[in-house]
Ligand SMILES: O=C(CO)[C@H](O)[C@H](O)COP(=O)(O)O
């Protein structure tokens, strides 16, 4: 089956969790975009919800779909965030940030009672790390930040190259927050919680793409149907 169809099916399954009056975090990426479009169809039919987008791209998509938006300055908590992921392991830990929106995605997910991850089944892995781990950094002092990151990788039992994510016209990719992204080609992350802790305390690191203990439900769409994994 076409991958886009699988993503749309996962999005449709997550939509079944949405009720009128809910406050929703709206993720970023091609799978989350399916969710926003399906949600927009329900809104046009009269469903009343309000959303907080996790990127300027998602803001534009949601506005185009007629979804009412707000911010975390206006409201306190969200009921559910629905977002995609680059990798999901069996502990429901994630790598996110392939679309460059990890900082806002993590802030929005952390302000939510539930995080539902939607993906096609190819995103499920035994061990995180095949997908390069995005790390959002401040441009100032990049050399020092790179060295501290390499020390953290060693301490967490992994190793790999750091590549500055390219943007347009030979310049670095710039996030919605005005930062850069280093993609860490680690291959395998044996202890994601440990690495997440080590990365979080490095000056110059704004945020990293390891989402540990945040997802409450993962909806995986495959050729044989939909599988839902709940946090124990
Ligand atoms: O983390 C993300 C964006 O920062 C996305 O959720 C992740 O990259 C998955 O995207 P897609 O649904 O296009 O595979």
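Cβ coordinates come from backbone N, Cα and C, glycine included.
The substrate binding site feature in Swiss-Prot is assigned to 28, 29, 30, 31, 83, 84, 85, 86, 96, 97, 98, 99, 123. Within 10 Å of the Cβ of residue 123 (substrate binding site) there are 23 other Cβ atoms, across all protein chains.
Look at Swiss-Prot and you will find 105 tagged as active site, proton acceptor. In the three-state DSSP assignment, the secondary structure recorded for residue 105 (active site, proton acceptor) is helix. Over all protein chains present, the Cβ of residue 105 (active site, proton acceptor) has 32 other Cβ atoms lying within 10 Å.
Cβ atoms within 8 Å of the centroid of the Cβ atoms of 28, 29, 30, 31, 83, 84, 85, 86, 96, 97, 98, 99, 123 (the substrate site) belong to the same-chain residues 27, 32, 105, 119, site residues excluded.
Of all the binding-site residues listed here (28, 30), it is 30 whose C-beta has the fewest other C-beta atoms within 10 angstroms.
Largest CA to CA distance in the substrate binding set (28, 29, 30, 31, 83, 84, 85, 86, 96, 97, 98, 99, 123): 16 Å, whole number.
Between residue 30 (substrate binding site) and residue 105 (active site, proton acceptor), the C-alpha separation comes to 14 Å.
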